[in-house]
Each structure stands twice: as structure tokens, then as C-alpha cells.
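First the structure, in the form of C-alpha cells, and then the observations on it.
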Amino acid sequence: MNAPLGGIWLWLPLLLTWLTPEVSSSWWYMRATGGASRVMCDNVPGLVSRQRQLCHRHPDVMRAIGLGVAEWTAECQHQFRQHRWNCNTLDRDHSLFGRVLLRSSRESAFVYAISSAGVVFAITRACSQGELRSCSCDPKKKGTAKDSKGTFDWGGCSDNIDYGIKFARAFVDAKERKGKDARALMNLHNNRAGRKAVKRFLKQECKCHGVSGSCTLRTCWLAMADFRKTGDYLWRKYNGAIQVVMNQDGTGFTVANKKFKKPTKNDLVYFENSPDYCIRDRDAGSLGTAGRVCNLTSRGMDSCEVMCCGRGYDTSRVTRMTKCECKFHWCCAVRCQDCLEALDVHTCKAPKSADWASPT
């Protein structure tokens, strides 16, 4: 009897996770609000008291976070552009993504990580651009230092990523820290993985000073890489995400399949398998793939066979304006003609049942 009971206790926290209704990060809705601090803070639904406090105290930081939402959602959509679930957002939903993130899936893990990374990136960039009263360039990067190439002087404006990480942790994690359930711990883990991903690509840039461009003196600073690098890295982590269950005391994770390694702080973790996203499903938050463009010659996730879930596809002939007959003219211009190009566009058929058309 002990073994079955032990199994029940191991899975009980996961069952409780599935029944947890409030898992969305309502601060994501900040991209749809604007204006003065009080107006914005009081009109974002679902913020906890700590988040509202930070919102009122740092209106300039909140504006940076709000602008950053558009950037990280665009990056999410870029990474999922060839998949059945394409990180589509719902403008009228305060959770931004609807019910799809109620499931503790790989997709949820990625969204929490990329959103947390986006906050770090947006705040750090705003610091360096002098847009925030509470921070500026990294104050620790002063004086002389050494690297593999020799001695250099810290100069310019080093990105103050430590401030960005500190504020992001305080603001983004506030709601999850109030929760004691397994999903909150999952979100906190993936939030941290996202923050660490941005810092991973902090790079040292230098400028040489000397006669004829020689490097007699070097001035260096630390700069964040383009956010695409963070997105690409987290995408790889999404593909290698580790399914976990809560341990018996509810303080950490255990791998669901003992053949896999224990997740590190850099890995993404999830509890539930993803739906197939083939049809519109109100409960799963899936919009389905009916009408999605597919690639007839691909063998990947964007292929018509995979994207359309075996339902087949429709083909339509469309024309578009392109540049053609381009010629180089001395000096120094390339001149092209405008030409009409005809091409076939393939879109996924809808399921035969009319149920797919019901609103999400």
C-alpha cells in the first residue's frame, strides 16, 4: 500500500496546479494602458499590492516595461511563427494570451521566461538612455581593468543590467511569491531563467585610441546584445524544456522521467503536455490552425501536413509587387523595376465539424 500512496502524494501538488485558475501575469496588459502613473497603475487588472506600489513609485520604469511588452511579444511570435501555436495575443484579454497559459505547458514556460527577459532588457536599456530617474549607466564600471588583451579603461556607458534584473525580480515575481502552489514555483523558476538569459549575452565592447588607429589605449564598456539572441537562446531552452513534478514537501521539482537530467537554473520547466493546437478549443485557449498559411515544400513544423493536422489545404493564386531587373549604376546606386509576381498561397482547411468556429 505504501507505494501507491506515495505516488498519490507525489502527484497531488500537480493535480492542485491544474485546478489553479489564476496564473496569468496581469502586468502583461500594461502595453494597452498609458498616461499618468495613477491612471495606468489603477487600470491594470490583477496587480498585487507590491506591484501597485512599485507602479506608483516608478512611473517612468512602468512606461519602459509597457513599451517592452510589444518587443518581447513580437519576439515570441517570431520564434513560434512556424508552429501551430504562434504566440498570438488577444488585445481585449487582460492576460494577453487568453486561456492557453492556464495549462502548465512548454508554451507557458517560454512565455514567462521571455516576458521576464523582456522586462530586464527594457529597464536596462532605459537606464542607459537616461530615461529613468532611479538608475543610469553601471556605476561599478569605472577606472582601469584588465582582460586577455591587456589593460583598458572603463568608459562610455555600461548597461546597468544588475539594476534591470533587481527591479524585474521585485516587480515580475511579486504575484508568484504570494502563491504557495506548484504553478507559482514553476513561474518563478522560468522567470529567473529568462532574467539570466539576458545577462548571458552581455558583451564587452571597446574602442581603440592611438596614432593611425593603433590600440595604444582602449576604452571599454558592457552592452547587451540584440534581444533576438535572448529569444533564440530561450527557444533552444523551450525545445529542451524538462517536464517535472513537485517533490513531496512542495519546495522543489523532481524530473517526471528519471531518464532526464535534473533541471538547472537556466532550463525551462513545465508540468503538463501541450495540446495539439489543431482545432479551436475554448477550454484549452487554442485558436486552431484553420486559415493558417503553410509551406507545401517544407518537412518541418510549418509544412502543410503538420500545420494543417492532416486536414488538407486550399490553394489560391495571388500577385504581389516585387523588385526585379536590378542594375548597378556607376556610382553608386542600384536601380530596379517594379514587377508583378504571381504565386500560390496554401492555407489550412477548417475541420469538417462546425464546432471549430465557436468563439474562444
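Glycine is no exception: its Cβ is also placed from the backbone N, Cα and C atoms.
A quick note: this is a predicted structure, and the numbers were derived from the prediction, not measured.
Record features (Swiss-Prot):
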{"type": "SIGNAL", "residues": "1-25", "note": "signal peptide"}
{"type": "DISULFID", "residues": "CYS76-CYS87", "note": "disulfide bond"}
{"type": "DISULFID", "residues": "CYS127-CYS135", "note": "disulfide bond"}
{"type": "DISULFID", "residues": "CYS137-CYS157", "note": "disulfide bond"}
{"type": "DISULFID", "residues": "CYS206-CYS220", "note": "disulfide bond"}
{"type": "DISULFID", "residues": "CYS208-CYS215", "note": "disulfide bond"}
{"type": "LIPID", "residues": "SER212", "note": "O-palmitoleoyl serine"}
{"type": "DISULFID", "residues": "CYS278-CYS309", "note": "disulfide bond"}
{"type": "DISULFID", "residues": "CYS294-CYS304", "note": "disulfide bond"}
{"type": "CARBOHYD", "residues": "ASN295", "note": "N-linked glycosylation site"}
{"type": "DISULFID", "residues": "CYS308-CYS348", "note": "disulfide bond"}
{"type": "DISULFID", "residues": "CYS324-CYS339", "note": "disulfide bond"}
{"type": "DISULFID", "residues": "CYS326-CYS336", "note": "disulfide bond"}
{"type": "DISULFID", "residues": "CYS331-CYS332", "note": "disulfide bond"}
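Here the features listed in Swiss-Prot are placed on the structure.
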| residue | record | CB count, 10 Å |
| --- | --- | --- |
| CYS76 | disulfide bond | 25 |
| CYS87 | disulfide bond | 20 |
| CYS137 | disulfide bond | 20 |
| CYS215 | disulfide bond | 13 |
| CYS278 | disulfide bond | 20 |
| ASN295 | N-linked glycosylation site | 15 |
| CYS309 | disulfide bond | 18 |
| CYS332 | disulfide bond | 6 |
| CYS339 | disulfide bond | 11 |
| CYS348 | disulfide bond | 22 |
Exercise. What disulfide-bonded residues in the list CYS135, CYS206, CYS215, CYS220, CYS304, CYS308 lie within 10 angstroms of CYS157 (disulfide bond), counting C-alpha atoms?
Worked result: CYS220
Seminar exercise, completed: In chain order, residues whose C-beta lies under 8 angstroms from the C-beta of CYS206 (disulfide bond), counting only those at least six residues away in the same chain, are PHE152, ARG218, THR219, CYS220, TRP221
Seminar exercise, completed: CYS137 (disulfide bond) -> DSSP, reduced to three states, gives coil
Seminar exercise, completed: For CYS326 (disulfide bond) and CYS87 (disulfide bond), the CA-to-CA distance in whole Å is 37
Problem set entry | Euclidean distance between Cα atoms of CYS208 (disulfide bond) and CYS278 (disulfide bond), Å | 55
Problem set entry | Proximal but sequence-remote residues of the same chain as CYS308 (disulfide bond) (Cβ under 8 Å, at least 6 apart) | THR289, ARG292, CYS294, CYS348, LYS349
Problem set entry | Euclidean distance between Cα atoms of CYS339 (disulfide bond) and CYS135 (disulfide bond), Å | 51
Problem set entry | Three-state secondary structure, which DSSP defines for the residue listed as 'O-palmitoleoyl serine' | helix
Exercise. What's the CA to CA span in angstrom from SER212 (O-palmitoleoyl serine) over to CYS332 (disulfide bond)?
Worked result: 28
Problem set entry | Intrachain C-beta neighbours of CYS208 (disulfide bond), sequence separation six or more, cut-off 8 angstroms | SER214, CYS215, THR216, LEU217, ARG218
Problem set entry | For CYS304 (disulfide bond), nearby residues of its own chain (Cβ under 8 Å, 6 or more apart in sequence) | CYS294, ASN295, LEU296, SER298, GLY312, TYR313, HIS346, CYS348
